[in-house]
Structures are given as structure tokens and as C-alpha cells.
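Peer 1: As listed in TrEMBL for this protein:
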TRANSMEM  114-135  transmembrane segment
DOMAIN    116-270  domain 'EamA'
TRANSMEM  155-172  transmembrane segment
TRANSMEM  193-216  transmembrane segment
TRANSMEM  228-247  transmembrane segment
TRANSMEM  254-272  transmembrane segment
TRANSMEM  278-300  transmembrane segment
TRANSMEM  312-335  transmembrane segment
TRANSMEM  373-393  transmembrane segment
TRANSMEM  405-422  transmembrane segment
REGION    447-472  region 'Disordered'
Amino acid sequence: ARGSRVTSELALLGPQLRQLKYLVVDEAIKEDLKWSRSVEDLTSASVGLTSIEERILRITGYYGYQPWAASYKRDERSRESPAPAEAQMQAGAEGSGRVNRCCWKCSVTQLKKIFWGVAVVLGVCSSWSGSTQLAKLTFKKFDAPFTLTWFATNWNFLFFPLYYLGHVFKSAEKQSPKQRYRECCRFFGDNGLTLKVFFTKAAPFGVLWTLTNYLYLHAIKKINTTDVSVLFCCNKAFVFLLSWIVLRDRFMGVRIVAAIFAIAGIVMMTYADGFHSHSVIGIALVVGSASMSALYKVLFKLLLGSAKFGEAALFLSVLAVFNVLFVTCIPVILYFTKVEYWSSFDIIPWGNLCGFSILLLTFNILLNFGIAITYPTLISLGIVLSVPVNAVVDHYTSEIVFNSVRVIAIIIIGLGFLLLLLPEEWDVWVIKLLTRLKVRKKEEVPEGNGDIASGLPNKSRRTRPSMSSFAH
């Protein structure tokens with residue numbers, strides 16, 4: 001009975017509920033809704049309602065049901081939080097700003113490195129050519145190349161004190177000289193600089209250092225400074241050959257070509273003045289000096305590896321200590337045997353000796369520590385640029401003859417030196433560059449053809465009559 005009564009009541013309420021579906025909100029309810037955003041919020045909220053009960057509650061406001069409040073909150077949230085597209089645009093703008101700042105910082109850093117590189121190149125070129133020319137002048141008054149080598153090597157003791165001064169002014173965490181010395185001594189091993197390490201790892205390099213400088217200075221006595229400086233550039237080729245054999249470095253065909261250029265330049269330089277004993281001995285001395293320099297670099301990498309700035313400074317100062325303790329006896333022996341003899345100490349040109357030592361010290365400082373502020377390739381360029389500087393000086397101060405053979409030899413050796421400065425992945429970079437150029441050319445050609453092709457259909461569309469005109 002109850003079920004039949006409920007069904008009859010629902011049947012009676014059916015038409016009324018259908019009428020409620022189309023009720024319009026009266027003025028009183030509109031006045032109550034003035035605090036909301038607009039009536040559009042109300043209608044938009046009612047679209048989502050599917051059941052009749054919710055519509056009735058919306059109209060009557062039963063139990064405080066206010067759908068416009070929910071829509072209002074949604075609008076507020078949408079206003080507070082940007083749309084995904086806007087957020088992506090803002091993120092893209094911020095990302096592009098960061099990229100621009102990074103590019104600006106990178107460009108400024110590269111410009112600084114290039115600027116300092118130019119300064120270091122000029123310093124290396126002037127110090128190396130200046131020391132060579134000053135040594136030539138010194139031998140006119142003081143004919144003692146080994147004594148000059150010993151005197152200049154003693155100045156290497158200043159490497160570590162100069163490095164420590166730079167550490168005090170540059171580093172935020174300052175250490176005492178003793179602490180810094182102990183830290184740099186770890187380069188020689190866990191036990192530091194012991195007597196055994198001194199004789200096994202420092203003494204051989206002290207001998208090679210002395211031989212390199214002595215053979216170079218002795219060659220200046222025999223031949224002109226232009227030939228000496230250009231032949232010494234062959235040490236780069238010798239370093240590659242020794243590294244390939246001893247260190248098993250990567251084989252590079254371009255460096256083999258550079259080594260062949262160096263050997264060909266040596267032969268042509270010997271032939272430039274004729275095969276006289278004087279010039280052949282001088283060329284042999286320079287080639288020996290370049291070989292000792294290459295052996296020094298390869299053995300250093302083999303036995304000691306790579307060194308930090310403080311460790312390199314300490315190592316060079318240790319070479320000066322070895323020079324004072326064990327090489328001092330050789331100039332004394334040469335003096336008493338009158339191989340390198342001078343009548344009195346008053347005739348020694350101390351100014352030339354000190355000037356040569358300062359220039360050589362400056363050259364070694366820039367060569368070893370210049371990589372902290374610029375690229376190593378730029379530093380090596382300073383050695384090559386010293387060749388034309390010495391050639392100009394020799395042209396005005398000596399009787400050098402720049403015949404065709406000598407000029408070709410200088411060019412070949414210089415070209416070989418420049419080829420050795422190429423990085424190991426230079427061929428990959430060249431292939432990438434050529435590929436990019438080909439891609440750009442291919443992109444330009446289709447764009448031009450596309451413009452012509454796009455113009456033809458447009459023209460045909462304009463001239464072709466429409467089918468609708470024929471139909472009518």
C-alpha cells in the first residue's frame with residue numbers, strides 16, 4: 001500500500017518537477033546573489049548539475065547550497081595561478097634569460113682569456129727572443145756558456161717564493177710557508193721530498209735542464225740566433241715522437257707530417273750555409289738541445305705525471321738546489337782548466353748576466369703558469385713568433401744572408417710547429433664544420449625553389465574560373 005502511495009505521489013510531482021527545470025530566478029534571489037561575481041557564474045555552475053535535487057537546492061538555497069561560491073573559487077584559483085601556456089611562456093622567458101646571461105658570461109670569460117693570451121704571447125715572445133739576443137751580446141765580452149747556464153739556473157730558486165706570494169694575495173685560505181711546502185711535497189710521494197726521491201726524481205731532471213740550456217747557449221756562439229730559435233722549435237716534433245713511442249700516445253697522421261717537416265727543415269738549414277764544420281756543429285748543438293728538452297717533458301709525464309702550480313714551482317726550485325749543490329763544481333773546474341776563463345771578476349758583465357737570467361726566469365714563469373689565465377696554444381705561439389723577431393734583429397746587427405733555402409727551411413719548420421698545435425680532435429671539428437656548411441646550402445636551395453613553386457599555384461588559382469559560375 002505504501003509503495004503504491006509513493007508511486008502515485010511521484011506521478012503527481014512529475015509535471016511540477018519538469019516545470020521547476022525551467023524556472024527563472026526571481027529578483028529577490030538575484031539581489032541575494034549580488035555579492036557574487038555575476039549571474040553568469042550561476043548559469044555556468046548549473047550546467048554541471050545533472051540531478052533534479054541539486055537544481056531544486058540551487059533554486060531554493062536549501063542547506064546553504066551555493067554553487068556560485070565554488071565557481072567563484074575556481075575563477076579565483078585560475079586568476080591566481082597562470083594558465084599552463086602562460087606558465088610555459090614565463091618559464092621559457094626565464095630560461096632564455098638564464099641562457100643569455102650564461103652566454104654573456106662565457107663570452108666575457110673568453111674575451112678575457114684571449115686578452116690575457118695576447119699579453120702572454122707578447123711576454124713569451126719578447127722574453128725568449130730578448131734572452132737569446134742578450135746571450136749573444138754577453139758572449140762577446142764573457143765567453144762562458146756553461147757558467148752562464150749555471151748562473152741563470154740558480155734563479156729558479158725564486159719559483160716557489162713567487163708562487164707563495166701569489167698564493168697569499170689570491171687564495172682565501174692562507175697557509176704558512178711550511179704548510180704550503182708540505183702540501184706541495186706530496187707531489188713526490190707519500191713520504192714527501194726525501195733524499196732518495198731527490199736523487200731518483202729530481203736529479204735526472206736537473207741534468208736534463210742544464211744540458212738543454214748549455215747546448216742552446218753554446219749553439220748561439222756558433223750560428224746566428226735566427227737559426228737557433230727556429231731549430232729549437234723542432235722540440236715539439238721530438239716530444240710527439242717520444243710520446244708516441246714511450247707513452248703510447250694516440251697516433252695522428254698530421255703530427256707525423258709535422259715531424260717530417262721538422263726533419264726536412266733541419267736538413268735544409270744545414271744546406272743553407274753549406275756543409276761547413278762551424279754551422280754543422282751549431283745545428284747539431286741546437287738539435288741536441290731540442291732533444292734534451294723533449295726528453296725532459298716526456299720523462300716528467302712518465303715518472304711524475306701532471307703537476308699543479310704549487311708543485312711545479314717547488315719542483316723548479318728543487319732543480320735550483322740541485323744546481324747549487326752538484327753543478328757548482330763544473331764551472332770551477334772549467335775555470336781552472338781555462339776552458340771558460342776570465343782574467344778578473346771586474347770584466348764580467350753582471351748586468352747582462354742578470355738581465356739574461358731575469359728574462360729566462362720570466363719566460364719559464366709564463367710557459368709554466370700562463371695556462372692559468374689563457375689557452376696553452378697561445379703560449380706556444382709566442383715561441384714561434386720569436387723567430388721573425390730574431391730574424392729582424394739579425395738582419396740589422398749581423399751579416400746573415402736570407403737565401404731561398406734558409407727562408408724555405410724557416411717556413412717548413414714553422415708550419416710543422418703550427419701543425420703540432422692542432423688538437424687531437426681537429427679532424428672531427430673540421431668534419432662537423434663542413435657538414436654544417438653543406439646543410440646550410442641545402443636549406444637555402446629548397447627555400448628558393450619553394451618560393452617559385454608557391455608562386456605558380458597562387459597564380460593558377462587567381463586565373464582559374466570557379467565551377468560555381470558555370471553552374472549558374
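Note: Cβ is positioned from N, Cα and C throughout, glycine not excepted.
Automatic prediction, not curation, is the source of TrEMBL annotations.
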Peer 1: Can you give me the average pLDDT across the domain 'EamA' (116-270), rounded to a whole number?
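Peer 2: So the average pLDDT across the domain 'EamA' (116-270) works out to 90.
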Peer 1: Quick one: do the transmembrane segment (155-172) and the transmembrane segment (312-335) have at least 3 Cβ pairs under 8 Å, skipping pairs fewer than 6 apart in sequence?
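Peer 2: The transmembrane segment (312-335) and the transmembrane segment (155-172): touching, yes.
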Peer 1: At a C-beta cut-off of under 8 Å, are there same-chain residues at least 6 beyond the transmembrane segment (254-272) that contact it? List them, or none.
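Peer 2: Long-range Cβ neighbours of the transmembrane segment (254-272): 227, 230-231, 233-234, 236-238, 240-241, 279-280, 283, 287, 403, 405-406, 408-410, 412-413, 415-417, 419-420, 422, 426.
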Peer 1: With CB pairs under 8 Å as the measure, which of the listed stretches 114-135, 193-216, 278-300, 312-335, 405-422 comes out on top against the transmembrane segment (373-393)?
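Peer 2: When the Cβ pairs under 8 Å are tallied, 114-135 comes out ahead.
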Peer 1: As a test: from 114-135, 228-247, 312-335, 405-422, pick the stretch that has the greatest number of Cβ pairs under 8 Å with the transmembrane segment (278-300).
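Peer 2: Per the Cβ under 8 Å count, 228-247.
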Peer 1: Using a Cβ distance cut-off of under 8 Å, indicate which of 114-135, 193-216, 228-247, 405-422 has the most pairs with the transmembrane segment (312-335).
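Peer 2: The listed stretch sharing the most Cβ pairs with the transmembrane segment (312-335) is 193-216.
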Peer 1: So which of 114-135, 193-216, 405-422 is most in touch with the transmembrane segment (228-247), counting Cβ pairs under 8 Å?
Peer 2: 405-422
